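So the structure is just underneath, and the comments pick up after that.
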């Protein structure tokens, strides 16, 4: 640019500044270097402007300015009596497509027709491209189909349009039709069609196209090789992608980005970071896409130190103000459990996008900070930022964890008002939320109303039935799923096995466990083995459960032995409980929950010396018992009760009411189960049982709601036997339905019975 300015005085000195050729060339050069202001300074004073000068200036506006400026100059050009040429329209159509401005695109299309270019292949290819980029691919095809003749560029444009709009199958069909009409695919065709192959996930077709590329000599083209890397990665063949990548000469930054992204998408973030490191070693200039891929890998690794390292590179790469990179940073820190740093980055963002808000809401939700997630969602609305499907899919699970039905209804209403209720992922989240809020029948109504159901939708509904103890309904739905030719995945079978476990359907559970590999080729994972141990253990088939563990083809993890220990606690089996506990403590000697379970097994068997030994071990190691709490929501306020708490404003009233209620349920037949309490008098034992968190929460709800109101509460631990029995009697004497969601399942207490049938 500096040399160009030095050249201008020579042009003037030699009397060439008034020559049309030099005027046009100067404007063209300034536009080429992005200096539209300088180009305009040359253009404006010229009195006798030739048409070529206008065309050059329009090209400059189209490439270097806004769409509005380009269209305004086009209008001025027409006002000045300059007749448009075909490439005026192609430049303008390209800008309309890049900006997805359909209205202006249609106006340019009309002008194109008025000026007699409706049959021009070059012009109509621009029209096809514009409609495709505006996501009106059917309209693009209409334009394409009306063309009397079509060249290879036109074919590539429509193929790319279908591929980029998610119509991979149609794009592939068009390639076949193109060949039938005598057009041979070139390298641009290959680059356009490979994303369509990835979209349909057909490795066989991808390999065929790869073979064609090799025979045609296209594999040496870096854009083709990069597209092949991307295709193989997205089709799950990342090893082949790496072989192509390693053989490439003259890799571009896009090639490196494709390989990093390929490893991330295929669940190998470690390899992605190795490529990133190699990229730095070879001093390849990185882009925002490179950094976002590396941050995604760090997030999947949960490696906050590597994440910090990438973060520090941003200033060096001059990407510190890139909002997309900042959003990736927020997601990375959130997934690495440093949501505090994520929040700091978010607050410092000058231009927060919807994606920024979504990342922050999801970050809080993933870290169990539900109230903050909901607070940020409300702040977003106060700033008039309209939520999208990603927002809803982030905030709905957060509300599901609160298990508060009025809030569930509120967010459902908002989903309807924002016209997102037809989105399959949002609707699936709603199904899951209602099930987790105790309204499983509402969840089923929503499920039945859905026009489209993903496998995750079926999983959510099956799991909902399972956690409510409706095992047979869960299995009926699973059979219906199979009849509708929806292929179950690993999560589906985990939901099915869990449903069998909660309902004591042992034989059915074994049948489905065997079906995983036999009928669907799915290898059982650790969670599936844990579910089977839980199934056998709950059914009091403890010896079979232990034998099952011994015969596992993979080394059992803590979750498997934990299921065994929990079953031994239910059925008071000290011998197998000790075996399971010893294996757990070999793997993780500092887990407080399992120490407490073992102590409870000993207490039930009145083995107080062993109870003392476990507690002494816990004290020496500083292992803390997880405090039990229960939560109820009343008039939009959440009340949390801990066992023995006296800090609640209504504490005295609650304890007094519990004493009266205790006498009423005893008169109805309730007998306190004091076996798990020792070293104190019987009266104190009963007082300790009465101070359990769920009893305090139930008493508070009874005191503060009108007769007949259903009580909903959530507990962080498994409901103990005494509280379960007491709650049945409370539902009987108060004529209330009480719905309790504990850490494993739902209990619906009504008229003295529980939906679990005392099987939990």
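Along the chain as shown, the residues are counted starting at 1.
Glycine too: its Cβ is placed from the backbone N, Cα and C atoms.
Among the features that TrEMBL reports, domain 'DYW' is placed at 669-760. Per-residue pLDDT, averaged over the domain 'DYW' (669-760), rounds to 86.
Sequence annotations record features per position, and here TrEMBL assigns repeat 'PPR' to 50-84 (among others). Only residues 6 or more beyond the boundaries of the repeat 'PPR' (50-84), in the same chain, are considered here, and those with a CB under 8 A from a CB of the stretch are 20, 23-24, 27-28, 30-31, 34, 36, 39-40, 43, 91-92, 94-96, 99, 101, 104, 107-108, 111, 115.
Annotated repeat 'PPR' per TrEMBL: 120-150 (among others), in sequence order.
TrEMBL lists 151-185 (among others) with the feature repeat 'PPR'. Sequence-remote contacts of a segment are chain residues at least 6 beyond its ends whose Cβ falls under 8 Å from one of its Cβ atoms, and for the repeat 'PPR' (151-185) they are 121, 124-125, 128-129, 131-133, 135, 137, 140-141, 144, 192-193, 195-200, 205, 212, 216.
The repeat 'PPR' annotation in TrEMBL covers 252-286 (among others).
For 322-352 (among others), the entry in TrEMBL reads repeat 'PPR'. Listed by sequence, the residues of this chain that lie at least six past the ends of the repeat 'PPR' (322-352) yet keep a Cβ under 8 A from its Cβ atoms are 288, 291-292, 295-296, 298-300, 302-304, 307, 310-311, 314, 359-360, 362-364, 366-367, 369.
The repeat 'PPR' annotation in TrEMBL covers 353-387 (among others). Residue counts for the repeat 'PPR' (353-387) under DSSP, split into helix (H, G, I), strand (E, B) and coil, are 26 helix, 0 strand, 9 coil.
Sequence-distant contacts of the repeat 'PPR' (454-488), counting only residues of its own chain at least 6 positions beyond either end whose CB sits under 8 Å from a CB of the stretch, comprise 424-425, 427-428, 431-432, 434-436, 438, 440, 443-444, 447, 495-496, 498-505, 508, 512, 520, 744-746, 748, 755-757, 759-760. Feature annotation from TrEMBL assigns repeat 'PPR' to 454-488 (among others).
Feature annotation from TrEMBL assigns repeat 'PPR' to 489-524 (among others). Residues 455-456, 458-459, 462-463, 465-467, 469-472, 474-475, 478, 481, 531-532, 534-536, 538-539, 541, 744-745, 756, 759-760 of the same chain lie 6+ residues outside the repeat 'PPR' (489-524) yet bring a C-beta within less than 8 angstroms of a C-beta in it.
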Residues from the same chain, set at least six apart from the ends of the repeat 'PPR' (353-387), whose C-beta lies under 8 A from its own: 323-324, 326-327, 330-331, 333-335, 337, 339, 342-343, 346, 394-395, 397-399, 401-402, 414, 418, 420
Distant-in-sequence neighbours of the repeat 'PPR' (252-286), which means Cβ under 8 A and at least six residues beyond its ends: 222, 225-226, 229-230, 232-234, 236, 238, 241-242, 245, 293-294, 296-301, 306, 310, 313, 317
Counts by DSSP class (helix H/G/I, strand E/B, coil) across the repeat 'PPR' (50-84): 27 helix, 0 strand, 8 coil
